[in-house]
Amino acid sequence: MSSNCSCSLLSLFSLLLIIDLTVASSCPKTCGGIDIPYPFGIGTGCYLEKWYEIICVNNSVPFLSIINREVVSISFSDMYRRFFNVGYGSIRIRNPIASKGCSSGGQEFGSLLNMTGYPFYLGDNNMLIAVGCNNTASLTNVEPSIVGCESTCSTNQDIPINDYLGVLYCNARYGDSEYCKNISIMNDTSCNGIGCCKASLPARYQQIIGVEIDDSNTESKGCKVAFITDEEYFLSNGSDPERLHANGYDTVDLRWFIHTANHSFIGSLGCKSIDEYTILRRDNREYGIGCLCDYNSTTTGYATCSCASGFEGNPYIPGECKDINECVRGIDGNPVCTAGKCVNLLGGYTCEYTNHRPLVIGLSTSFSTLVFIGGIYWLYKFIRRQRRLNQKKKFFKRNGGLLLQQQLTTTEGNVDSTRVFNSRELEKATENFSLTRILGEGGQGTVYKGMLVDGRIVAVKKSKVVDEDKLEEFINEVVILSQINHRNIVKLLGCCLETDVPILVYEFIPNGNLFEHLHDDSDDYTMTTWEVRLRIAVDIAGALSYLHSAASSPIYHRDIKSTNIMLDEKHRAKVSDFGTSRTVTVDHTHLTTVVSGTVGYMDPEYFQSSQFTDKSDVYSFGVVLAELITGEKSVSFLRSQEYRTLATYFTLAMKENRLSDIIDARIRDGCKLNQVTAAAKIARKCLNMKGRKRPSMRQVSMELEKIRSYSEDMQPYEYASENEEEKKETLVDVNVESRNYVSVTAASSQYSIATTSSSRSDVEPLFPR
């Protein structure tokens, strides 16, 4: 008896289900060209519940009955999105636009969209849009959130017109011009608060919402509109409030779902849950599953369904998720099997390869081709290697390699002082001149960090250009500089002449340059002591004194600046970058050259006369010494126009007895003021506008050594006192107008070498900066 009753109930349920499906199949499927899929429906018995009833007005305009809004489109949830976020169906409706002060009146607050208790809520892709001058709009019924935005019509911002207020405001400002007509939406700007503004909705299930336009600003007139929409608005289509007001409506995206309470509709679909499907996918057993449903009983008690991957159709009608034949349709218009046979599966496909003969033929052909290509490649490599060897010999000879070898052999006691590297050694040392090995770049060349086979770390300077007419002078200069052995001068270790331009190898200084330690933010507290700065000044002065006086031939550096002063791990200074240096014979006192140097460090007398003397290096050293005392940059746009260069700033401060005001705050409290004062007097003498009144580097070096040696009651060497003539001198400085223009400049510090054989002829660097 019990068994018969169960069978009867099952038969009755099946019959009712068949009847429901039959009725559903006879229901209208479209209204006004818009698809109406189940659970939505038109007419009694054609929809799942009252929430989903669609009324087709005049057989052309569909309305969602429960909220009386025109329907634009209905779609199901996206299955692919479900594995990252809960997917919902989408129904787009037309919602009234709130307006104020427009030509034909309007709704001041708009109509309230209330879906409380319904299986609908606002999608998170909707935005609040407000259009019009001085329009402040906000959302209502979104407590505790406060959502709103304000649009203005201020024209104070200096932006291109095609990024301003769109075509309407372009015409209002410039008249009906062709330029305004040609504004392209490709160059348009999203609503940014000028003419129109936008605001995002609260990130939660919002079922009741309204739009309000603030009317407290009585002085602001003109049409203002505000609305919620899922469409994107730019200045070109969102800057005409009258046009938007005339439209009356805009589209809003609602998300819909199925209530799971009090009915077994979802269970009758035969769909798998997301959790079940995830387990099946893990075991590769997901094929054949047509639809999926996601349940949430903890918050709103809803369920959403979709067809699984490889299926399409309506998941809310049993059996309506149909398999996609990928072998016929392909994926994104492309065939799924480029080789072999495509076999369609329920929810997927596979590619079968049954005939192996083409594969064997293909492999044999490929192997033969590879052997042939390998032979050609080996022959190519052999010929290329021979060409490279011949090219290296050619470069070595052209770059003066034979002359250098001869001079190194005939120079007694200096045969091993300079090494001639081959190109392979330097390529290996720098990982084939890898970009990761670059230490710095300038107009003259690029410096790489390298490690030789003996473990020494070196700086490898690869020049950009070469003057072939001065290669002999270059070789002579290499020999001269290689003989310099001073602890405060970066050592030239050797060169490579097998490349198209000579490559120079210097010792590597690991601790950066003085500029970085003085002016860049750093955790190094060593530079906060006056003793370290004074020692650096002594080191620099000693190196320049050696170059000017003690070297076999006097050498003028010509580009002394803080970026060319390297610091080793013990913060001992080493002078670097001889790219513009010049040697002079003992019977000459100056060089006439093309002006080259760095703004802020350049001798003004040299700038005027183009005659570089040893006193020009003294001037540049004076600027560096002033940097050490003040901590200021040689050129700073933070200072006023008259004090823009440090030389002017420092000299005027010294004349006005304001030394204590300009001492670097990092050393002011811990320094010995008598030492700083003595050093400042030397810096002032070095910065004298007339070169003949400056001390020599030898005098400067001796005086700084004396300052460093005596800490109390010292009496530094006094130079001739300033006279009235100096006070009448007009400061001649390198003009610095702005951050973007400098009258004379030079490349950043790199290692390089250049020479001259005449003291009166115009000379340019071998590697121009």
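Note that Cβ sites are derived from N, Cα and C of the backbone, with glycine treated the same way.
As recorded in Swiss-Prot, the features of this protein are as follows:
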SIGNAL    1-24  signal peptide
TOPO_DOM  25-358  topological domain 'Extracellular'
CARBOHYD  N58  N-linked glycosylation site
CARBOHYD  N114  N-linked glycosylation site
CARBOHYD  N134  N-linked glycosylation site
CARBOHYD  N182  N-linked glycosylation site
CARBOHYD  N187  N-linked glycosylation site
CARBOHYD  N237  N-linked glycosylation site
CARBOHYD  N262  N-linked glycosylation site
DISULFID  C293-C305  disulfide bond
CARBOHYD  N296  N-linked glycosylation site
DISULFID  C327-C342  disulfide bond
DISULFID  C337-C351  disulfide bond
TRANSMEM  359-379  transmembrane segment
TOPO_DOM  380-769  topological domain 'Cytoplasmic'
DOMAIN    433-718  domain 'Protein kinase'
ACT_SITE  D559  active site, proton acceptor
MOD_RES   T593  phosphothreonine
MOD_RES   T598  phosphothreonine
Margin query: For the transmembrane segment (359-379), give me same-chain residues lying six or more residues beyond its boundaries with a C-beta closer than 8 angstroms to one of its C-beta atoms, as numbers and ranges.
Written below: 353
Check: Taking each of N114, C293, D559 in turn, which of these recorded positions have a Cα lying within 10 angstroms of the Cα of C342 (disulfide bond)?
Finding: none
Notebook entry, point to check: In angstrom units, rounded to an integer, how far apart are the Cα atoms of C351 (disulfide bond) and T598 (phosphothreonine)?
Noted result: 70
Check: Want to know which recorded positions, from N134, C337, D559, are within 10 Å of T598 (phosphothreonine) at Cα; which are they?
Finding: D559
Checklist line | Mapped DSSP class for C327 (disulfide bond), helix or strand or coil | finding: helix
Next item on the list: Quick one: pull the CA-CA distance for N114 (N-linked glycosylation site) versus C305 (disulfide bond), whole Å only.
Entry: 25
Checklist line | Minimum Cα separation from N58 (N-linked glycosylation site), reported as the residue among recorded positions N134, C305, C327, C337 that achieves it | finding: C305
Item checked: Integer Cα-Cα distance in angstrom, C327 (disulfide bond) to N134 (N-linked glycosylation site) -> 58
Checklist line | Distant-in-sequence Cβ neighbours of C305 (disulfide bond), under 8 Å, six or more positions away | finding: F76, S77, I258, I266, L269, C271, C291, L292, C293, D294, P315, Y316
Notebook entry, point to check: Counting every protein chain present, what is the number of Cβ atoms, excluding its own, within 10 Å of the Cβ of C293 (disulfide bond)?
Noted result: 24
Check: Which three-state DSSP class does C305 (disulfide bond) fall into?
Finding: strand
Notebook entry, point to check: Among the disulfide-bonded residues listed here, C327, C337, C342, C351, whose Cβ has the fewest other Cβ atoms inside 10 Å?
Noted result: C351
Note to self: Same chain only, sequence gap of 6 or more: which residues have a CB within under 8 Å of the CB of N134 (N-linked glycosylation site)?
What the structure shows: E150, S151, T152, C153, N217, S220
Next item on the list: State the Cα to Cα distance, in Å, between C337 (disulfide bond) and D559 (active site, proton acceptor), rounded to an integer.
Entry: 68
Checklist line | Per-residue pLDDT averaged over the topological domain 'Cytoplasmic' (380-769), given as an integer | finding: 77
Next item on the list: Count, for each of the recorded positions N58, N114, T598, the other C-beta atoms lying within 10 angstroms of its own C-beta, and report the residue with the smallest count.
Entry: N58
